[in-house]
2 protein chains.
Amino acid sequence: MARIEDVSSPARMAEPGEDISRDELSLATRNHGLPLEALRYDLTPPGLHYVLTHYDIPYVAEDADWELRIGGHVNRPIRLSMDNLRSYPQVTTRVTIECAGNGRALLTPRPVSQPWLVEAVGTADWTGVPLRALLAEADVRDGAVDAVFTGADHGVERGVEQDYQRALPLDTALGDTPEVLVAYAMNGAPLPPQHGRPLRLVVPGWYGMAHVKWLRDITVLDRPFTGFQQDVAYRIRQDPDDEGTPVSRIAPRALMVPPGFPDFMTRARVVRPGTTELEGRAWSGRAPVTAVEVSTDGARTWNEAVLDEPDEHRWSWRRWRFDWNAVPGEHELCARATDAEGRTQPLDQPWNRGGFANNLVQRIPVLCTEPS
Amino acid sequence: MARIEDVSSPARMAEPGEDISRDELSLATRNHGLPLEALRYDLTPPGLHYVLTHYDIPYVAEDADWELRIGGHVNRPIRLSMDNLRSYPQVTTRVTIECAGNGRALLTPRPVSQPWLVEAVGTADWTGVPLRALLAEADVRDGAVDAVFTGADHGVERGVEQDYQRALPLDTALGDTPEVLVAYAMNGAPLPPQHGRPLRLVVPGWYGMAHVKWLRDITVLDRPFTGFQQDVAYRIRQDPDDEGTPVSRIAPRALMVPPGFPDFMTRARVVRPGTTELEGRAWSGRAPVTAVEVSTDGARTWNEAVLDEPDEHRWSWRRWRFDWNAVPGEHELCARATDAEGRTQPLDQPWNRGGFANNLVQRIPVLCTEPS
């Protein structure tokens, strides 16, 4: 008897010393992170922005055939074509999106899933219609609690067949800080297929799981949404039976462009002696980043980096830089961000079963060669 | 004493049963394959085309500052700006490029390097200037043997610090089948950074290592080129001491869009009973593909697929399709291409130390559910 449960597997932790499995590799060859040298770009070129898709990327032959339905606990259910959506006043917001599972493969024990190291991030200008304008038109009824967003991507996860679905609390869906977008363009062009063509949700400041791609339905509920991606996955738990807390906004993080040049296989870095400008980006979905510190001695001592002035892009990463006088020998470089609410990054990563919301301080071993 | 050799490692094979190492994962999170559902596109959207970079992606702030030098064993060394290059008659060629290491992670023992399964491929329209036009202008001298192409990407590999360099035999560089391009556009837009912005070589029919990205120098030699990527890497060898044979043209391969929908973690496929159209693409850099066969019983029996008619795109993959009557149970789907020179794909992959030029028949386990 052929059963879907037979092709699916429960959540598991890697055994002590277990390297990356074939299943994890199958995800890692499809999905990809931001090559860290691309932190140099304010706006990540689309093919360098991190991508995680749970199931297959839906094939959409004609954007013109796409329809977004809005219904549920509303007085005026509506259906919108792409042309309808483009007739609304449009908003463009620069947003840094990070995968909720970034850093998972650095945890011990390692939750077996997409095995990110530190690179699951990217920044783009997203253009679309504010969600609250669409919900106002649908006229949400009193007593509404959650808005559920359904993508066209379909698959199985831990035995549960599903369309990808996530909800936002109604006050978040209707809020203006952040202003949630139903987006149809990325960096001024139609969305690439892997970023949700033709339509996706963008929830500035929230981890990637909230930014539902291939968005085809918004249903308002008068009770909390209890779907798989809301109540089973994407919760921070120590034990399977914990109720846990939902994954939501992005914790502060700084990443550095690895200086010098790499070894192909070990990715170890080599620099020449002398002044090397270290640079990178820092972000937080909680509050603006207010400081970045750099260590060149493996987090023993820290120095203040120069952070770019705040600009109008509240939800985008900020550039930072630091001049390092590299001397021959082995070094370990680190960077650490702090936000306006005093949150910063740990040197020892708290663990959770899903491997979510990690922001361990990045460590980059560097070899500085002798003068030539 | 800090030595570059200390951060680099020699070539090695994975131990029996050894899973994917942290070093391999570091490559797999940066580089990425084609998600196989994207085989549906004639032209791969740029962010879905496979990417392999040996070192860092060079950061090019201004294309206008780029200069291509052509020199060595020529009578008239030249330097060309991007504007100069765009003033030549331009050619656009549709080319399927596959990484020479595609399939490496399926080998036993597994050569430790970028751990591709089957997905390192993509197809694009490349626009640029025929290399032979530029070499004619530089006026190659009698006795020339090789043309060496140098990229701006710099790193270390097995202890050897280097710019990425590869050569073509002069008759290939000057040939018209294939016609080699110095390309500045991909699918009608400037090259994305990860595909060589602003300039790369495109060698239709050859594996990816020949298509030098971030191209800044072409040097004609009156002797064979013996650089690292030519004489050490990218050779097919059984033992480290073998002279080996160089990796060059792409072996025939067919890939299938995995039908139905996936399990997130196992990537196993689920289909409903009934007629399912299987489809995919097939290519060979040796000779045009003349047949694709499909097996739905794990390569025990084979059926002829319907191959699209040949068109003007000699160097591009061809679409194929096959109607499968799926019945409940477990199945294993396979596809196999044959080219006009009679080359086909093995069911047991011959092994080589670098894990190059693999074209093992793809196998896709599929569960067909009971009627609902």
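Glycine is no exception: its Cβ is also placed from the backbone N, Cα and C atoms.
Any TrEMBL annotation is an automated prediction that lacks curation.
These come from TrEMBL:
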| type | residues | note |
| --- | --- | --- |
| REGION | A:1-20 | region 'Disordered' |
| DOMAIN | A:54-228 | domain 'Oxidoreductase molybdopterin-binding' |
| DOMAIN | A:274-366 | domain 'Moybdenum cofactor oxidoreductase dimerisation' |
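DSSP assignment over the domain 'Moybdenum cofactor oxidoreductase dimerisation' (A:274-366) gives 0 helix, 47 strand, 46 coil.
Per-residue confidence over the domain 'Oxidoreductase molybdopterin-binding' (A:54-228) averages 98 (mean pLDDT, predicted model). When DSSP labels each residue, the region 'Disordered' (A:1-20) comes out as 4 helix, 2 strand, 14 coil, counted as helix, strand and coil in that order.
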